[in-house]
Amino acid sequence: MGITRRGKDKAAAGQAVAGGASGGRARPKKATFETSKKKDVGVSDLTLLSKVSNEAINENLQKRFEGREIYTYIGHVLVSVNPFRDLGIYTDQVLDSYKGKNRLEMPPHVFAIAESAYYNMKAYKDNQCVIISGESGAGKTEAAKRIMQYIASVSGGDSTDIQQIKDMVLATNPLLESFGNAKTLRNNNSSRFGKYLQIHFNSVGEPVGADITNYLLEKSRVVGQITNERNFHIFYQFTKGASEHYRQMFGIQKPETYIYTSRSKCLDVDGIDDLAEFQDTLNAMKVIGLSQEEQDSVFRILAAILWTGNLVFREDDEGYAAVTDQSVVEFLAYLLEVDPQQLIKAITIRILTPRSGEVIESPANVAQAMATRDALAKSLYNNLFDWIVERINQSLKARQPTSNSVGILDIYGFEIFEKNSFEQLCINYVNEKLQQIFIQLTLKAEQDEYAREQIKWTPIKYFDNKIVCDLIESVRPPGVFSALKDATKTAHADPAACDRTFMQSVNGMSNAHLIPRQGSFIIKHYAGDVAYTVDGITDKNKDQLLKGLLGMFQVSQNPFLHTLFPNQVDQDNRKQPPTAGDRIRTSANALVETLMKCQPSYIRTIKPNENKSPTEYNVPNVLHQIKYLGLQENVRIRRAGFAYRQSFEKFVDRFFLLSPATSYAGEYTWQGSYEAAVKQILKDTSIPQEEWQMGVTKAFIKSPETLFALEHMRDRYWHNMATRIQRMWRAYLAYRAESATRIQTFWRKKRTGAEYLQLRDHGHRVLQGRKERRRMSILGSRRFIGDYLGINASSGPGAHIRNAIGIGSNEKTVFSCRGEILEAKFGRSSKASPRILIVTNSKFYVVAQMLVNGQVQITAEKAIPLGAIKFIGASSSRDDWFSLGVGSPQEADPLLNCVLKTEMFTQMERVMPGGFNLKIGDSIEYAKKPGKMQVVKVLKDSPNPVDFYKSGAVHTQQGEPPNSVSRPTPKGKPVPPRPITRGKLIRPGGPNGRPARGTTNRTPQPRPGGASASAVASRPVPQAQPQAQAQVAASIPVRTQQQSQTSSASVRAPPPPPPAAPPAKAKIMAKVLYDFAGQKENEMSIKEGDLIEIVQKENNGWWLAKSGNQQAWVPAAYVEEQKQAPPPVAASRPPPPAPPAANGKNKPLPPAKRPAAGKKPASLQPRDSGMSLNGSDGSRSNTPTPSLGNSLADALLARKQAMAKKDDDDDW
């Protein structure tokens, strides 16, 4: 198997290292501690064993088997030990974990082999094959199924054809298992045939077809099995699960009725449900596409085979074979659709054609007749099996052009029994051919890699088994197969004479790997010496039906038999047909030719015990398998040069932590080439020069111990970092919890009421721009909540109303609120009375609340089915009145008033999808009396903002335009950002406790009382007006030289002058977003695009604005505040005068004179609002105190700038 290659990551390629020799390639990712790493059991790759021997391999496999690790690598070869239990390692989660992963990234697994094969096929357009070998019961079939499962899962494709191909490929497993598998002493589900499944893919890696080639079906099992073994599964499935139709048509009875299924005294198997598996077989036939007629034909042949076994013969008076039960002959003839006399003649009469050309009919004895009977059954089953495989191939034929393929070979492993015959010779011959492929591809690839990488190495000596393959298959000089054919040709009429002739040919062969013995011969295979018995071997090689049976098939009335046996019998043709040896040689060479065109992967399966126990590990038996599978040779070949080799990039990615020159705090810091980085790592880890070599693209490590040392140092690196990682992890948990809380808070604010907002927007479409709107109806904060009274609640006032009026549990309230109904008064004008309006999914309720005997009584005054409402009448004005046009002959239509009318209409449209009819006109129509329509006028003459009904008319005011839509949702009150300080990942004041980056250029103003003279002198002082400066200086007393000497040796600098007055407060300007017409005297009319000044802001949605000489209120949602320009920086003041010299040369100024009585001192400049003559401690310190607004804004700005920058990693 070739090395799994991975294409360069395009995303990572963009982050290439600039300037280094490795520029253009992705740098290694930051290293992370493998917290979920599972402790290794033994070694996962046998090439890493310190001592290579069969016993050491066996011990390592035993450790891993007992630790529930059944897979082990030998380089790229996978060794699999059958666990005889479900380890839970084939789930979808495990399968997904291997997708897109390199073999070295994950533990050994059959999915890794499948991923490697599929990836190389797709990425590099190489045909792939997976060769699975091992003895019966070692898990070959299971491994093949898992590879098919993985490829079907990862190969993609959503089209119907591709999914159908996948289903059919998976359906081949139960179908071929039922016809090709059987219970043996060593395996309850042993494959008694070999198969090579090729899955064909298109150019994008989607399966578009498949084909199957079968090898070496053990057809002798049809007619006989040893005790406690079974025939093929299908016979027991069919006899136990056949339908009544089949039982009547084909005479199917229980398996104990038939000799072929009951002779071995084993009808049932633990863990196998024949009835359930028969249904799986039938389902697989349907998936693959077998018609009912084809299925009937298949089961007819199976029934014929079963009844063939019940033909029993006895000797007649002349010693020839005679049938015991004629009824069996007649029923078998019925199944085969031939004449009963012709059938019995074909079995009991042998047709001989000597060299003279004369046709001789020779009666058969009992033994010969039984042999012919069994030959008939074996031929029927063998040809039926071949037809099923061919039929599967027809269904799986590619339906579009193919690009590449992945092949799966599941075939017998070496068989060495006490008595070995022709079957074992064929099986072991095929395994020799596969071993030859393994040697040529694996060892040759190893040698080519050393030459390509220019590595100094010792040439590997190995046994080339080509000499053994030639011994078996050669034509000149003749090999074993040719000798078998020649012996049959020489003495074809006498099997014993054929065997003797063949043995003479074997004795005449000269080959170091062939040892003739008396009645047998030994071939030295690569897996061990095998002694083959000569008795009967030539007869098995002929593998021919008698011409009488072939002639009977040609005259059968069953067309399916003609399909199974298409060849016409030429009685005059005495040319010898191809033998079984010829066919297996041709098939094996074709298989080798196919595999040589592919990139192979190998799976060696091992059976741990003979008892199918999940805990038993039979050391001698496994050791025997290790020897004949050649695992030790595989390890030695892999280790002959170097035990470990890896590309420079991957080596650096794995071990860059071990050198301080290539890493810092888990980050890759090397700026040079990857090759130089490898040398630096090996140098810093003190690996001797003789333990490694540098190739052209790879680094080679000589011994496994060196690799173990590197891995140990890498693991210890993380142990040394454990404390720091734990601390950071706990901090991260606190940080994550705080972040999650903030995200949840934001999400709740964002999502709350979203569906109500959508419903509100739908309300505009319900009105269709035909009705004027109220200003409050189109506010941005308006939501259509629906059930305002809580009628759907389980408790509270709403539940009390629901129970009082009897709303059923199957009714859901979609709208409820308080409104009014127009009640007619006798002799005077109608009057609006309060009511509760409820809309459910089926009815419209008008609920009245009355006080009866001091108790509130709630009754449903009207309960109108929604289907009875013919129309809803409303005016085009902004009023809230509407009518329900019911047209009842007994009651008048209700005329209602509801301030949430638009929402009510919207909810009613939802529950009345087919019958909702909203009539909007200049007036409102309704039946004031049954059958008598009346028109209610709507007049826009009301000085009152509230609508009212009077004298048959509704009086209202002018509303918003009918095409008005809801205003944008007003923005929430801005909240200053607050950094997450939980977990100490971000500390107050900036990351890592340092001052926030946004405040580094801001110089704090020290308090004058605590500053030294030099500090004060060095601080820039804002400039002041000369007059103010002189006035301030005149008011400050100055010490004399004597005073300075008595108090302190240092001279205190005079305090700085006060800062300049703050600039005038900037105007707040806003831009008008929408037109607004003022309805009242204190409301300002504005137009879109105007700029206005905001004088005052209120939290009720209205701002006091000023435009020119007009000052009035405007809606806050209609304007957008403009960002203000930063205030100008005040000009700096001149520095204070220098302190007087201490040497007395400069005469000090005299103290200021006190003001004369009755005179006021000169007035000072007004002080800045930020100055205070009274400090917070009660002193008369003039420390400048910045205003609260400016300091808060500055702090928020600094914090925001600190949060916006990346986290500082110096904490590491």
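From the backbone N, Cα and C atoms, a Cβ is placed for every residue, glycine too.
Per Swiss-Prot, the feature ATP binding site maps to G134, E135, S136, G137, A138, G139, K140, T141. Taken residue by residue with DSSP, S136 (ATP binding site) is part of neither helix nor strand, so it is coil.
Under the heading compositional bias 'Polar residues', Swiss-Prot lists 954-966 (among others).
Marked as compositional bias 'Low complexity' by Swiss-Prot: 987-998 (among others).
Per Swiss-Prot, compositional bias 'Low complexity' is recorded for 1008-1052 (among others).
The annotation compositional bias 'Pro residues' is assigned in Swiss-Prot to 1053-1062 (among others).
Taken from Swiss-Prot, the feature compositional bias 'Pro residues' applies to 1125-1140 (among others).
Summarising the annotation, Swiss-Prot assigns compositional bias 'Polar residues' to 1171-1190 (among others).
As annotated by Swiss-Prot, domain 'Myosin motor' applies to 41-715, with the evidence given as sequence analysis.
Per Swiss-Prot, the feature domain 'IQ 1' maps to 719-739.
Sequence annotations record features per position, and here Swiss-Prot assigns domain 'IQ 2' to 740-765. Same-chain residues lying 6 or more positions outside the domain 'IQ 2' (740-765) and placing a CB less than 8 Å from one of its CB atoms are 782-786, 902-903, 905-906, 965-966, 969, 972, 980.
For 773-962, the entry in Swiss-Prot reads domain 'TH1', with the evidence type sequence analysis.
Sequence annotations record features per position, and here Swiss-Prot assigns domain 'SH3' to 1065-1124.
Taken from Swiss-Prot, the feature region 'Disordered' applies to 1-35 (among others).
Secondary structure of the region 'Actin-binding' (405-487) per DSSP (helix as H, G, I; strand as E, B; remaining residues coil): 48 helix, 7 strand, 28 coil. Residues or ranges marked as region 'Actin-binding' by Swiss-Prot: 405-487.
Under the heading region 'Disordered', Swiss-Prot lists 947-1064 (among others).
As annotated by Swiss-Prot, region 'Disordered' applies to 1115-1212 (among others).
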Could you pull the average pLDDT for the domain 'SH3' (1065-1124)? 88
Going by C-beta under 8 A and a gap of 6 or more residues, the same-chain neighbours of T141 (ATP binding site) are E177, N181, N189, S191, D410
For A138 (ATP binding site), write down the residues of its own chain that are at least 6 apart in sequence and whose Cβ falls under 8 Å from its Cβ; none is a fine answer. S80, N82, G413, T605, I606, K607, Q625
Listed in sequence order, residues with CB under 8 A of K140 (ATP binding site) and six or more positions away: I132, S133, G134, S191, D410, I411, G413, I603, T605
Neighbourhood of the ATP site (G134, E135, S136, G137, A138, G139, K140, T141): other residues with Cβ within 8 Å of the Cβ centroid, in order? N82, N187, S190, S191, G413, T605, K607
For T141 (ATP binding site), the three-state DSSP class is helix
DSSP puts the residues of the compositional bias 'Polar residues' (954-966) at 0 helix, 3 strand, 10 coil
